[in-house]
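Asks: Dropping the structure in here first, questions after.
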């Protein structure tokens, strides 16, 4: 465990209980910071637009990332395509605070994810289950998020992924030591990380919810399911009143176990983003199936 | 039994609670309501994002009660973002939060995450042993009133200081195995 990796895990700890918001320009970044976001994710198109417009979705224009870095004091994150280590090198050169190796962008490598230990800047990666989370951590991710199904405004997949990770952790924790290598083989996860989960009953890094969170109650739901914080992508700036919704989601995340506060902040938010029923999406439009 | 609250709006709350759990006679708890803040003997404002914590403090109308309790002598310790929350002046931000401590801080003084670092020092006032220090996008103090006692400087910058019942550190003792700063703060709580 290098010192740099520890510092990167530590930054994720500082984001706990907070909301990370997708933004496409400096103006949105300022709105997000003012609303109480703990970080912003800089990208050219939010996931719902990536779905609509199609084509190859890539890392953002470095100029736009620099403008956002200049506009806010909170950490600035940005996405790279799965396996695209050259895009990650570019973001590292820009001193980005966190890289999201993300299934929301079009994968650049269908076999290999980025070897993340060779970077100084931290990485967050998506996962649908414990094995996938531990593979990414094995490659050097210092933070995990559920994949959910980005750009749908439908929280069902994020719930499924969080519940799956929790159930997998419970299984590993209650297994006997003799079973751990077989579990590591079944899950396709590094043995030492399975062993860590067995002893500690949790992931070795912070785990956020992402992919489909659109309302304050969605955020409260994911926090009560045990997430450490939430990412909101299209949910804020594709709604009718972004500033108000952003503040409401921040408050609901902080007071996730207080239904009276969640009720109060949910009043008169205007319309949520246009949403999609995940069951109606065909196989290749499911973003969560990208990466392994 | 002394009750030490950790302000639980956003940030590294459980880490402080775990550390405080090591001391006899200390009952740690997470606090985010007025009645909870009224019931504690001391308060820790943890690391996180000062803009987010500050916004929630004002939205939920908690600044007044915390400020009046601090001014009445309640021991308080701000780590990293907590230092920014306590400061009267912030050099590179127009926001102000509790404005109780006579220090001027520089937010993200060391730069971005790539500039985060760890080191260790000897500081006999706090502990006999070597103390590990972790700085995550940390602030530091650029100016302090004579009422403020400087506990530690790294290069030119003040990274730990105390003014009567108020303690501020740029770094995060809750992220290390070392208990000396938590022991020091428990001592401030009598």
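Each Cβ is built from the backbone N, Cα and C atoms, and glycine gets one as well.
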Asks: Would you identify which residue of B:69, B:107, B:153, B:162 TrEMBL lists as part of the L-glutamine site it also attributes to B:48, B:49, B:50, B:136, B:137?
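Replies: Record check against TrEMBL: L-glutamine site with B:48, B:49, B:50, B:136, B:137, extra candidate from B:69, B:107, B:153, B:162 is B:107.
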Asks: Starting from the Cβ of residue B:172 (active site, charge relay system), draw a 10 Å sphere and report how many other Cβ atoms land inside it.
Replies: 26
Asks: Using C-alpha atoms only, work out the spacing between residue B:172 (active site, charge relay system) and residue B:50 (L-glutamine binding site) and round it to an integer in Å.
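Replies: Roughly 14 Å, rounded to the nearest whole number.
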Asks: Which residues in the same chain, at least 6 apart in sequence, have a Cβ under 8 Å from the Cβ of residue B:137 (L-glutamine binding site)?
Replies: B:108, B:110, B:111, B:112, B:113, B:115, B:116
Asks: Expressed to the nearest Å, what is the distance separating residue B:80 (active site, nucleophile) and residue B:136 (L-glutamine binding site) at their Cα atoms?
Replies: 8
Asks: Could you state the CA-to-CA distance between residue B:174 (active site, charge relay system) and residue B:50 (L-glutamine binding site) to the nearest Å?
Replies: 17
Asks: Given the L-glutamine binding site residues B:48, B:49, B:50, B:107, B:136, B:137 in the record, what is the largest Cα to Cα distance, rounded to whole Å?
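Replies: Taking every pair among B:48, B:49, B:50, B:107, B:136, B:137, the longest Cα gap is 13 Å.
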